[in-house]
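Q: Quick one: the structure is below, and I'll ask about it shortly.
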Amino acid sequence: MDYYKILDIDRSASQDEIKKAYRKMAHKYHPDKKGGDEKKFKEVNEAYQVLSNPQKRSQYDKFGSTFNEGGQPGGGGGFGGFDFRQGDFSDFFRGAQGGQPFGGSQDRQYQNVDFDDIFDMFGDAFGFRQRGSRQQAGRGEDIHVNLSVSFYDIARGGLKKIEIKKDIACKECDGLGAKKGTPLDECPTCKGRGQVKESTGSFFGNFIRVTACEACQGSGKIPKEKCPHCKGTGKNKEKQVLEINIPAGIKNGEVLAVKGAGQAGLRGASAGDLYLHINATTDENFKRVGNDILYEMPLKLTDALLGTETTVPTIDGKSKIKIEPGTHDGQEIRLKGLGIYGQSGFGGYRAGDQIVKVNIKMPNKLNKKAKKLVEELAEELD
């Protein structure tokens, strides 16, 4: 799997370019969107998880280069049906002289590579994971939702209610899928292990591929008699209203995670998570600039020349400001503490400012009297 190709970026792409490409692809393939593609969406997320992490990206680049350019395995070595679930991945690559998978002299290529990271990174591709990191069998699927957030909620934070339809644990059978009073039997397909093995041939030899058992969906158990309320699935669809806390200062494209608010797990397994992709709505008066709020204020030429007092809208209501005589077009007036509350560059939290940018409105045309007055003014200014 080529992560760079999945995100449609060059191998030299910067972190900003990776982030932009991820947002574009995630929006394109989001499963909740019409025409979305869940499989490609997962690939996009997997690619981003690796390439957005400098250490994992470095290991991926090194491993990918070695994999593509390494050629045939060295003398006497080879994968030979090695079961990665039972051995240590790094020891396998650093095997004894004469029995190394890549030959004796090639061991030096790998001395600076963290094979534990590579194992974790590529484990899913071959159906296995590093020891101790295997996901819980039957865990519920995650839910991804696009959430529109108003400019005010972004500036000040707030609570937002959302309604989602999702799987919840069946209340009749407590999510087990079995009729009340009947047991769960051992799955005959996987013998209660929740997994099945499959040998897969490859360029390097045979891999032992371990996948979740389809018969019991990885739980290792099947109901002797199915619950009539959920038909043995242990789940029922239900609409739920959730109250989400929107933190002040959140940015467009960021993701809020709500642990355990995803789809119900299988037969008592933990639920998935809910991921809220923030879509910041625009405002007709204000524009966000970091944690500052920009407001462009129209001002008459005479008020700019003579000065005046006026009111301007802010995120918290009206505010009075003083226009000094001789104010220039484009001049900025800063209202302290009336911006967006969020994280500052020093690690703390503070409110930004509102910037009032003066936009002097010139008259479209002058009558004779006005023209004469302007001419007299021009003479005085000379």
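Please read every residue number as a count from 1 along the shown chain.
Glycine is treated like the rest: Cβ placed from N, Cα and C.
Just so you know, TrEMBL annotations are computer predictions that nobody has curated.
What TrEMBL shows for this protein is this:
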DOMAIN    2-64  domain 'J'
DOMAIN    157-239  domain 'CR-type'
ZN_FING   157-239  zinc finger
BINDING   Cys170, Cys173, Cys227, Cys230  Zn(2+) 1 binding site
REPEAT    170-177  repeat 'CXXCXGXG motif'
BINDING   Cys187, Cys190, Cys213, Cys216  Zn(2+) 2 binding site
REPEAT    187-194  repeat 'CXXCXGXG motif'
REPEAT    213-220  repeat 'CXXCXGXG motif'
REPEAT    227-234  repeat 'CXXCXGXG motif'
Q: Taking only the residues in the repeat 'CXXCXGXG motif' (213-220), give me the average pLDDT of this model.
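A: Looking only at the repeat 'CXXCXGXG motif' (213-220), pLDDT averages out to 83.
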Q: Please list, in sequence order, the residues in the chain of Cys230 (Zn(2+) 1 binding site) that are at least six apart in sequence and whose C-beta is under 8 Å away from its C-beta.
A: Cys170, Glu172, Cys173, Gly177, Asn236
Q: Let me spell it out: take the repeat 'CXXCXGXG motif' (213-220), skip the flanking residues so only those 6+ beyond its ends count, and list any with a Cβ under 8 Å from a Cβ in it.
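A: For the repeat 'CXXCXGXG motif' (213-220), the list is 137-138, 186-190, 192-196, 266-267, 269.
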Q: What's the CA to CA span in angstrom from Cys216 (Zn(2+) 2 binding site) over to Cys227 (Zn(2+) 1 binding site)?
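A: Cα-Cα distance, Cys216 (Zn(2+) 2 binding site) to Cys227 (Zn(2+) 1 binding site): 15 Å.
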Q: When you measure from the Cβ of Cys187 (Zn(2+) 2 binding site), how many other Cβ atoms are you left with inside 10 Å?
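A: The Cβ of Cys187 (Zn(2+) 2 binding site) has 20 Cβ neighbours within 10 Å.
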Q: Would you mind pulling the DSSP three-state label for Cys213 (Zn(2+) 2 binding site)?
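A: For Cys213 (Zn(2+) 2 binding site) - judged by DSSP and reduced to three states - the answer is coil.
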Q: Inside 8 A of the center formed by the CB atoms of Cys187, Cys190, Cys213, Cys216, which other residues of the chain have their CB, for the recorded Zn(2+) 2 site?
A: Pro188, Thr189, Lys191, Gly192, Arg193, Gly194, Gln195, Val196, Glu214, Ala215, Gln217, Gly218, Ser219, Gly220, Lys221, Ile222
Q: I need the neighbours of the Zn(2+) 1 site defined by Cys170, Cys173, Cys227, Cys230. Which other residues of that chain put their C-beta within 8 angstroms of the C-beta centroid, in sequence order?
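A: Filtered neighbour residues, in order: Lys171, Glu172, Asp174, Gly175, Leu176, Gly177, Ala178, Lys226, Pro228, His229, Lys231, Gly232, Thr233, Gly234, Lys235, Asn236.
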Q: Determine the most Cβ-crowded residue among the binding-site residues Cys190, Cys213, Cys216, using a 10 Å radius around each Cβ and all protein chains in the structure.
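A: Comparing the binding-site residues Cys190, Cys213, Cys216, the most crowded Cβ belongs to Cys216.
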Q: Per DSSP, what is the helix/strand/coil residue tally across the repeat 'CXXCXGXG motif' (227-234)?
A: 0 helix, 0 strand, 8 coil
